[in-house]
Structure formats: structure tokens, C-alpha cells
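Student: Copying in the features that TrEMBL gives for the protein in this structure:
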type: TRANSMEM; residues: 20-40; note: transmembrane segment
type: DOMAIN; residues: 22-274; note: domain 'Sugar phosphate transporter'
type: TRANSMEM; residues: 52-70; note: transmembrane segment
type: TRANSMEM; residues: 76-98; note: transmembrane segment
type: TRANSMEM; residues: 110-127; note: transmembrane segment
type: TRANSMEM; residues: 133-157; note: transmembrane segment
type: TRANSMEM; residues: 169-188; note: transmembrane segment
type: TRANSMEM; residues: 203-223; note: transmembrane segment
type: REGION; residues: 289-318; note: region 'Disordered'
Amino acid sequence: MGKGGNLSEGVVKKILLSYTYVAIWIFLSFTVIVYNKYILDLVEPVTMTMDLYCKSVVPIGLLYAFSLWLSNSAYIYLSVSFIQMLKALMPVAVYSIGVMFKKDTFKSDTMGNMVSISIGVAIAAYGEAKFDTWGVMLQLGAVAFEATRLVMIQILLTSKGITFNPITSLFYVAPCCLVFLFIPWIFVEYPLLKDTSSFHFDWVIFGTNSFCAFALNLAVFLLVGKTSALTMNVAGVVKDWLLIAFSWSVIKDTVTPVNLVGYGLAFLGVAYYNHAKLQALKANEAQKKASQDADEEAGRLLEEREGENGAKKNESQG
């Protein structure tokens, strides 16, 4: 009886444990489905055809894949602080490629600002204690691909009246980006991982990293929705300074005085560039408001004139 009782208790424990796992799975699956539905209901639907996806989204996904691959590879060779300094070249790359594709007009004062940013980054690179040519080439390539991607979004999507926010962009671009990233992984990185017997896939690290990446896209969606893309750019400059301070104080990256002087010059150039964009945006909004007010005034005068003509017509008939 005791032996049978012990067996029964073991069976009951296994059953309870199995049902607990089932309940956890149902809860997590239910939560993910409902949460994804809630997120997708927050965004405006986008009409997407296969032809539009292949001609517009796939090229953007290819550029994004190259940008991610090169930028992440650069961290193997360069410090976090120096990479943030090199990222200050992003406005230079976006403006230059925009002018090249005729999506932006060439202005001597803007180009002068771009030159000052480039000089600041060059000074920071000159003062880098652990300069690595290959790492710099990887990061500059990542900046070039990312800038091209941003310009291509304007050419391939915005010009067609299609606007992606970070959530819809993740929904459409991420799958093809994954396919493009799988190609260099299988031919370049997988053989190295296979030869390195010490590598083991850590589900906790990669899972939390993926969660942070998704949460970042959601945060960008909320930030841009509540403020503006320009606010996010300005906040990005502050983030770069915080990263440099963190890498110096916590990661113990070497940051030289020449680094700081060069990046300070680049920072001033980027700040001026954002200020100029803000002023241009305000001027554009003021012009639109003035045009809208003029149209409303013209419509009001037209209604008054039609009303007067109608009254005169009624008087003549009377």
C-alpha cells in the first residue's frame, strides 16, 4: 500500500508538473498573440503588394542587413566610445548621398557644416589610442549603407505615399533582412563558430538581447509618435555622449583628450545641423499655415460674395 501510494504520488506530481508547463505555454502564447495584435492595431495599415515589396522593401532590407552586419562586426576591433564618434558622420553621409540622388539640394553653408563634422571626426580618429584600420573601414561602410538606406526610403517609399513607422518597418523589413543576414552568417561566421568548440548558444543572453532590440523599436515608435524624428536625433547625440562616458568609466575604454576635442567639434557641427533642420521645419510649417489661412480667407470672401450676389438676385426678382 505504501509502495503503491508512493507511486501514485509520483504520478500525481508528474501530471501536475506537466499541466503547469502546459498552463505556462498557453499563457505565454496567449500573451504574445494578444500583445502583437494590440501593437499592430496602434499603427496605420499599409497597402503592400508583392511587386511593391520586391522593388521597394527588399532593397531597403538588403541595405539594412549590410549596415547591421558591418556595424556589429566593427565592435570586434574598435572601442564603444570610438564607434560613437565615427557615427557622428551619419549626417554627412545622408546629406552627401541625398545630394547625389537629387533628394536634397546642395548648399555651401550646409556642406561647410558637413566638412566641420568630418574634420572633428578625423581629429578624434587621430587621437584614438587603439586605432584599427579594418574596424574603421567596417564602421564607415556601415554608416554608408545606413545613409543609403535612409535615402532609399525616401525614393522608394515616401515618394509613393508610403510611410513606415518603426513597427510597420519591423514587420515588413525584418523578414527579408533576416534572409540577407543568414547568407554571410552561414558562409563567414558559422564555420568559425563550428571550429570553436567553446561556443555554446546561450538562450538567456540572446533572448534578452532580442527582447531589448524589440523594445527599442517600440520605444522609437512611441518617441517619434509623441515628439518628432528631429527630437530623436537630438536625443541620439545625448545618448552618444552617455555611451562615451559609460565606456570610459565602466568598460575602461581609453578616451584621450584629442578624442574629446575632435568629437566635441563634430558634436557642435551635428548640433548646428539639427538646429538648422529645426529652423527649416518651423519655417516650412509657418509657410503652410500662412497658405492655409490665405485659402480659408479666400474661401470666406468667396462665400460672402456669393451670398451678396444671391441676395441681389432675390431683390431683383422681388
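Even glycines carry a Cβ here, placed using N, Cα and C.
Would you situate these features in the structure and describe their surroundings?
Tutor: For the transmembrane segment (76-98), the list of distant contacts is 104, 110-111, 114, 117-118, 120-121, 124-125, 128, 130-132, 134-136, 138-140, 143-144, 146-148, 150-151, 154, 240, 243-244, 246-248, 251, 253-255, 259, 262-263, 266-267, 269-270, 273: same-chain residues at least six beyond its ends, Cβ to Cβ under 8 Å.
A Cβ distance under 8 Å defines the sequence-distant neighbours of the transmembrane segment (133-157), meaning residues of its chain 6+ beyond its ends; these are 55-57, 59-60, 63-64, 66-71, 73-74, 76-78, 83, 86-87, 89-90, 93-94, 96-98, 101, 103, 125, 163-164.
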Student: Are there 3 or more C-beta pairs under 8 Å linking the transmembrane segment (169-188) with the transmembrane segment (52-70), counting only pairs at least 6 apart in sequence?
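Tutor: By the criterion, they touch.
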Student: Are there residues at least six beyond either end of the transmembrane segment (110-127) with Cβ under 8 Å to its Cβ atoms? List them, or say none.
Tutor: 82, 85-86, 88-89, 91-92, 95-96, 136, 256-270, 272-273, 276
